[in-house]
Amino acid sequence: MLIPLSMKNCFRLLCQHKVPAAGFKSPPTHGLILQSISNDVYENLAFEDWIHDHIHLEGKPILFLWRNSPSVVIGRHQNPWQECNLHLMRQEGIKLARRKSGGGAVYHDMGNINLTFFTTKTKYDRMENLKLIVRALNAVQPQLDVQPTKKFDLLLDGQFKISGTASKIGRTAAYHHCTLLCSTNRTALSSSLKSPYCGIKSNATPSIPSAVKNLLERDSTLTCEVLMSAVAAEYAAHHQVDGHVNLINPADETMFPGINRKVKELQSWEWVYGRTPKFTVDTTFHVPYEQAHLEIQVFMDVKNGRIETCAIKAPDHWLPLEIGEKLNSSFIGSKFCPVETTLLTNVLLRTCPGDHHLHSKWYILCEKIRGIM
């Protein structure tokens with residue numbers, strides 16, 4: 001049963017003293033089940049961290065249920081250029097987010113359920129949570145063959161991944177979050193999580209591709225609503241908490257003081273891209289020239305999402321040496337992103353007005369460079 005939250009007392013009991021009073025109408029004594037009314041990935045990720053930072057979880061575990069509009073969420077230590085097809089995502093309006101926990105890249109949409117289990121650090125147990133999900137699935141469909149793995153995934157029929165795991169462990173609090181594939185767009189999932197970019201070298205955490213399947217493909221009655229209700233019921237029974245699913249708005253600043261600041265941080269270029277571990281780009285591409293093609297070499301060091309060193313080498317007869325050197329020096333310090341490259345290109349073109357032949361080469365070159373961003 002879903003009930004809307006009226007939060008004026010409960011968080012007063014759950015929150016640490018540094019947080020202004022805000023909370024639920026009926027204070028829980030053992031724990032809570034929450035469900036977000038937002039489909040915004042940044043708001044939901046921010047709410048996770050708000051709970052982690054502000055709620056006293058001793059004896060009061062929390063289950064948070066949430067879904068997002070199409071988005072890709074990468075782990076804290078990942079490289080988005082290695083993990084995603086950023087060009088496709090920009091075209092399709094698929095958001096990119098970097099979470100505070102580790103692990104690999106995942107695709108979210110309204111057919112993918114996200115489950116976050118909040119506990120104290122001492123009560124943190126990923127396998128227990130996964131077994132709880134398995135019991136919930138078997139309660140609605142006893143014929144399902146779903147098993148947890150040593151890597152804390154859930155496999156359907158011993159081969160199809162339906163859930164992946166990540167976690168964050170703090171000084172006293174911890175959370176384990178995982179996905180549950182119900183009716184996600186598997187075409188969008190596959191294409192979004194397939195990087196087309198070549199020549200990137202990095203020590204960032206790589207994702208491990210897996211064969212996936214939707215639970216709805218196995219049984220048409222296993223809708224997101226059915227699965228969320230089943231997990232909530234099993235969680236309530238296991239933890240002996242109130243089975244009501246409390247609806248919350250994670251963007252409500254009056255209810256969750258400081259949440260908007262967390263949302264803005266997660267949306268920022270500095271967090272999403274700037275937190276990428278240092279990497280290099282070492283690649284070549286070809287440009288048309290008379291009846292043939294010329295090879296252009298590109299080498300860049302990228303740190304904190306910005307170009308630290310740049311060496312673009314083109315044949316002198318195609319691009320004059322001094323122009324190439326100007327391009328290299330102009331890139332240093334700029335963001336490794338297509339928007340900034342476009343702005344930089346326009347600025348540089350104004351330094352040599354009227355040279356249409358050079359302009360066309362410059363456009364071709366910068367378009368190729370944007371293609372690796």
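Glycine residues also receive a Cβ, built from the backbone N, Cα and C atoms like all the rest.
A sphere of 10 angstroms centred on the C-beta of K151 ((R)-lipoyl-5'-AMP binding site) encloses 11 other C-beta atoms. Secondary structure from DSSP puts K151 ((R)-lipoyl-5'-AMP binding site) in coil. Taken from Swiss-Prot, the feature (R)-lipoyl-5'-AMP binding site covers Y107, K151, K161, T179.
What Swiss-Prot lists as domain 'BPL/LPL catalytic' is 57-243.
What Swiss-Prot records for 1-25 is transit peptide, and it gives similarity to another entry as the kind of evidence.
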Determine the Cβ neighbour count for Y107 ((R)-lipoyl-5'-AMP binding site): the number of other Cβ atoms within 10 Å of its Cβ. 25
Near T179 ((R)-lipoyl-5'-AMP binding site), which residues of its own chain have a C-beta under 8 A away, given they sit six or more steps off in sequence? V106, H108, N112, I113, N114, L115, S163, G164
Once the chains shown are all counted, how many other Cβ atoms turn up within 10 Å of the Cβ of K161 ((R)-lipoyl-5'-AMP binding site)? 19
